[in-house]
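Swiss-Prot has this to say about the protein:
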SIGNAL    1-26  signal peptide
CARBOHYD  45  N-linked glycosylation site
DISULFID  55-76  disulfide bond
């Protein structure tokens, strides 16, 4: 019985060696391209038509206390002397909260009506 077990183990070892994947060359270019694509996607700048005015939005990553946050900034040069700002853990949340902050400030300064502001603040 011992010879059978040893023979079975030897056969299993030979089969495993034949079917093990062969080492291949690492594809660093594809890996680096993928990582850089993800990192550059964290920054975003755009312009939007907001209530008939050209406004701008910027989102950028920020690490605070070993956590990733997204800081958003929304401003409309030539219409409002202030800007909306936010810091959230969500990329899309940073744009939404910066816009809401801008609308709150625009309402306080009389640039928008309560009705127009409620459309943005209730969502």
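For all residues, glycine too, the Cβ spot is worked out from N, Cα and C.
The structure, with features from Swiss-Prot marked on it.
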residue	record	DSSP class
45	N-linked glycosylation site	strand
55	disulfide bond	strand
76	disulfide bond	coil
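For residue 76 (disulfide bond), applying a Cβ distance below 8 Å and a minimum sequence separation of six or more within one chain yields 50, 53, 54, 55, 56, 102. If you draw a 10 Å sphere around the CB of residue 55 (disulfide bond), it holds 21 other CB atoms from the protein chains shown.
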